[in-house]
Amino acid sequence: MFAVHLMAFYFSKLKEDQIKKVDRFLYHMRLSDDTLLDIMRRFRAEMEKGLAKDTNPTAAVKMLPTFVRAIPDGSENGEFLSLDLGGSKFRVLKVQVAEEGKRHVQMESQFYPTPNEIIRGNGTELFEYVADCLADFMKTKDLKHKKLPLGLTFSFPCRQTKLEEGVLLSWTKKFKARGVQDTDVVSRLTKAMRRHKDMDVDILALVNDTVGTMMTCAYDDPYCEVGVIIGTGTNACYMEDMSNIDLVEGDEGRMCINTEWGAFGDDGALEDIRTEFDRELDLGSLNPGKQLFEKMISGLYLGELVRLILLKMAKAGLLFGGEKSSALHTKGKIETRHVAAMEKYKEGLANTREILVDLGLEPSEADCIAVQHVCTIVSFRSANLCAAALAAILTRLRENKKVERLRTTVGMDGTLYKIHPQYPKRLHKVVRKLVPSCDVRFLLSESGSTKGAAMVTAVASRVQAQRKQIDRVLALFQLTREQLVDVQAKMRAELEYGLKKKSHGLATVRMLPTYVCGLPDGTEKGKFLALDLGGTNFRVLLVKIRSGRRSVRMYNKIFAIPLEIMQGTGEELFDHIVQCIADFLDYMGLKGASLPLGFTFSFPCRQMSIDKGTLIGWTKGFKATDCEGEDVVDMLREAIKRRNEFDLDIVAVVNDTVGTMMTCGYEDPNCEIGLIAGTGSNMCYMEDMRNIEMVEGGEGKMCINTEWGGFGDNGCIDDIWTRYDTEVDEGSLNPGKQRYEKMTSGMYLGEIVRQILIDLTKQGLLFRGQISERLRTRGIFETKFLSQIESDRLALLQVRRILQQLGLDSTCEDSIVVKEVCGAVSRRAAQLCGAGLAAIVEKRREDQGLEHLRITVGVDGTLYKLHPHFSRILQETVKELAPRCDVTFMLSEDGSGKGAALITAVAKRLQQAQKEN
């Protein structure tokens with residue numbers, strides 16, 4: 001028993017001594033946690049350098065865009081071919097991707113050798129050889145009669161400008177075929193395939209083996225957004241935000257970046273951790289000074305590193321009693337498979353002895369222990385370096401997503417990772433230590449990167465088909481110049497129709513006289529009350545105007561109008577308004593005051609004078625009973641009487657559009673048009689009295705409230721009316737009415753978007769084909785969400801957050817489509833508004849007999865003010881359709897309430913002038 005203990009002690013002491021000896025000798029190969037964190041930081045900096053346009057040309061880590069923009073979503077199906085060229089043999093596959101939802105893949109494959117004379121010979125011969133092998137495979141599998149898409153896995157650094165193209169930057173590993181560098185490998189292979197007249201194959205995608213690995217794993221796990229290969233060579237790819245990729249135009253969505261991390265350190269960034277053995281290995285390689293990171297990591301080099309170390313130790317008398325065999329002097333005699341065998345847990349020492357004996361050496365027990373530890377240090381350093389670079393990628397992903405914890409999957413492949421008994425465990429452990437804020441799953445790519453190339457091709461086919469479907473829907477909202485000119489002409493005709501006495505009663509564009517006959521001239525003065533009713537909020541204002549200084553001071557208070565009041569009785573609505581006025585007067589210390597009042601009433605009214613307005617019909621969600629056909633000024637007066645607390649002199653009832661024009665007209669006498677683009681949509685303008693047949697008198701001008709929201713109610717714009725507009729119209733409070741407003745105003749745009757999203761989801765193009773309860777809910781898409789989603793400053797991640805707030809769980813690709821839909825709907829709205837406005841400015845130019853008209857438009861409304869693109873598109877449309885009109889757009893900063901007070905002040909001024917005359 002004692003002897004056994006003695007032997008165990010002796011062996012353990014021997015092992016300890018040998019390990020210490022090797023540790024001392026290879027001190028520089030052992031990397032501390034601090035060193036790994038430093039390498040991680042350096043790699044982050046190299047990634048940034050590679051992504052930036054200015055620094056990419058000199059970057060060692062090239063960060064190549066792959067033009068792979070989406071990962072599989074499970075809806076892919078069909079038959080695809082795949083080629084994998086990049087190692088000691090290449091593979092051809094036929095991949096059958098199952099019908100939707102089943103995520104099942106069937107594969108048939110065949111390996112072909114890549115002889116040295118082919119991979120180091122002439123480039124044309126290489127591609128002809130590959131094409132011959134593909135033809136052989138198709139003949140064997142009876143595929144010659146089929147037209148099939150093909151994905152090419154090409155495991156060498158390529159610069160791509162599209163998915164189906166790749167210019168070889170440099171050969172790596174053992175490949176050295178002449179005349180291929182700086183040429184498009186897809187074109188070269190396509191040309192070689194043309195020699196086979198009976199083969200009909202389209203190369204749809206060129207991918208790196210790393211990208212193929214990521215796509216293979218992503219088919220099984222949608223969280224997979226990183227691919228890593230640790231085999232003959234080493235590389236990594238990951239999904240980067242487009243907004244960070246300077247080399248590719250556009251900032252929507254994500255794209256897979258092939259890091260080509262094997263070249264990390266080629267610019268000297270890793271000199272402090274490279275050892276004499278790394279330098280010696282590099283000098284003896286096919287590409288000295290290149291792929292320095294790869295030479296410290298990959299399977300092509302680990303065995304050689306071990307050989308160089310053993311040779312040096314033997315020369316120093318630290319191994320084999322100082323004896324060296326000719327095999328130990330021979331390059332390539334120790335391979336990575338030997339390193340893996342020597343590190344096996346139980347039989348490792350026995351394997352070590354056997355391998356060393358095969359090398360012509362006579363190892364002692366101590367030698368075997370030492371050699372095994374050399375292998376451990378070399379392979380552990382490899383895993384550590386890989387872990388540091390991968391941790392940098394994971395940190396970048398987490399920061400891109402702006403999350404505290406990242407959940408992600410890394411697709412893994414490569415012979416070193418697969419065959420080495422300790423490698424995966426070591427890599428995983430170090431990664432988790434370096435990035436504790438990331439929950440990482442490592443998924444082995446069972447089918448290799450070739451299946452991934454087929455998956456990229458399948459995704460490309462799916463995306464192509466889906467893109468066509470989405471484009472068909474969006475095309476309905478893309479108006480041509482001819483269509484806009486047609487809308488302009490029809491609006492012009494409807495304006496004329498509404499002005500004529502004979503046709504006025506039947507006109508859909510009402511062209512209502514407002515009896516506002518003058519603009520402010522700067523002499524107005526006094527205190528005025530103004531009411532502003534037109535949306536879910538109601539404002540009461542006290543406006544103080546000072547003569548001669550164009551100075552206005554305003555005090556206002558906003559009151560809510562509950563839905564039950566909006567849709568209750570007329571008496572309840574006006575009693576609520578008077579209650580709000582009483583509260584305001586009390587608040588301002590004006591209880592019992594008698595002041596002139598202007599009433600901004602943003603609904604279509606027929607007026608017989610400036611202080612009389614008969615409601616034609618409610619819009620914007622109001623439905624109060626017993627109001628339509630009644631004079632709203634009388635209804636307000638009666639409500640004031642019922643309260644019997646104060647008396648007000650109601651001087652003017654005006655539309656919000658007129659109020660907007662007057663507010664801007666106070667600042668700019670050239671302002672003769674008012675436009676509201678908000679909850680509703682409307683326009684007013686100063687018309688020559690001679691053209692207004694419903695009002696007597698031919699001198700001067702009068703403001704006409706067009707009520708253009710009703711344009712199209714007679715079917716004149718049915719050619720641009722879509723099925724989605726019909727859905728929105730039928731679900732509205734006033735079906736068949738206000739059709740132009742329903743295509744252009746903030747109240748309806750979000751609802752049009754929702755209808756499109758439902759349709760696209762039904763077609764399986766969005767939200768994984770699942771229509772959530774939230775998406776079925778009318779009104780969830782408020783215009784403010786459209787404005788936020790379309791903001792240029794908003795990254796897709798924030799768009800996804802907005803959609804999540806709306807209860808819609810979207811992918812990155814979904815977010816892009818939602819943004820496109822919002823853009824198409826709001827663009828059409830702005831263009832239609834622009835076409836309508838162009839009709840009015842052209843009419844004013846022609847009426848005045850001018851070659852060129854200069855005019856100002858006063859504008860208000862949340863859509864115009866808050867939407868990031870609406871105002872620009874509207875202005876561009878007006879410029880294009882009315883080139884002889886110089887139109888200035890002036891934002892009404894104080895809303896239509898100030899305008900009502902100004903109209904009241906102007907009316908008072910004109911009344912006073914009449915009295916004096």
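In case you wondered, yes, glycine gets a Cβ from its N, Cα and C as well.
Annotated region 'Mitochondrial-binding peptide (MBP)' per Swiss-Prot: 1-20, in sequence order, evidence recorded as a curator's inference.
Sequence annotations record features per position, and here Swiss-Prot assigns ATP 1 binding site to R30, D84, L85, G86, G87, S88, K89, K425, R426 based on similarity to another entry. In this structure, L85 (ATP 1 binding site) is part of a beta strand by DSSP. Other Cβ atoms within 10 Å of the Cβ of L85 (ATP 1 binding site) number 25 in total over all chains.
Mean pLDDT, taken over the region 'Hexokinase small subdomain 1' (73-207), works out to 85 on the 0 to 100 scale. According to Swiss-Prot, the region 'Hexokinase small subdomain 1' annotation covers 73-207, on the basis of sequence analysis.
Annotation comment: Swiss-Prot describes S155, T172, K173, N208, D209, N235, E260, Q291, L292, F293, E294 as D-glucose 1 binding site. The Cβ of L292 (D-glucose 1 binding site) lies under 8 Å from the Cβ of A263, F264, G265, D266, L270, R274, D278, D282, each of these being in the same chain and 6 or more residues away along the sequence.
Annotation source Swiss-Prot lists region 'Hexokinase large subdomain 1' at 208-447.
Annotated region 'Hexokinase small subdomain 2' per Swiss-Prot: 521-654, in sequence order, evidence recorded as sequence analysis.
Under DSSP, G534 (D-glucose 6-phosphate 2 binding site) is assigned to coil, being neither helix nor strand in the three-state scheme. Annotation comment: Swiss-Prot describes D532, L533, G534, G535, T536, D656, T679, D860, G861, T862, S896 as D-glucose 6-phosphate 2 binding site.
DSSP assigns T619 (D-glucose 2 binding site) to coil in the three-state reduction, placing it in neither a helix nor a strand. For S602, F603, T619, K620, N655, D656, S681, N682, E707, E741, the entry in Swiss-Prot reads D-glucose 2 binding site.
Among the features that Swiss-Prot reports, region 'Hexokinase large subdomain 2' is placed at 655-894, with the record citing sequence analysis.
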Can you tell me how many other Cβ atoms are located within 10 Å of the Cβ belonging to E707 (D-glucose 2 binding site)?
30
Fill in the CA-CA distance, R426 (ATP 1 binding site) to E260 (D-glucose 1 binding site), as an integer in Å.
22
When the Cα of S681 (D-glucose 2 binding site) is compared with the Cα of each of the binding-site residues L85, K173, E294, which one is closest?
L85
E707 (D-glucose 2 binding site) to D209 (D-glucose 1 binding site) - Cα separation in whole Å:
63
Cα-to-Cα gap, G861 (D-glucose 6-phosphate 2 binding site) vs S155 (D-glucose 1 binding site), nearest whole Å:
56
Around D209 (D-glucose 1 binding site), which of the listed binding-site residues (R30, T619, T679) come within 10 Å, judging by Cα atoms?
none
Fewest neighbouring Cβ atoms within 10 Å: which of the binding-site residues S155, T679, S681?
T679
Grab the D-glucose 1 binding residues from the record (S155, T172, K173, N208, D209, N235, E260, Q291, L292, F293, E294) and give me their largest CA-CA distance in Å.
20
Note the Cβ centroid of S602, F603, T619, K620, N655, D656, S681, N682, E707, E741, the recorded D-glucose 2 site, then list each other residue of that chain whose Cβ lies within 8 Å of it, in sequence.
G534, P604, T657, I676, G680, G709
What is the number of other Cβ atoms found within 10 Å of the Cβ of E260 (D-glucose 1 binding site)?
29
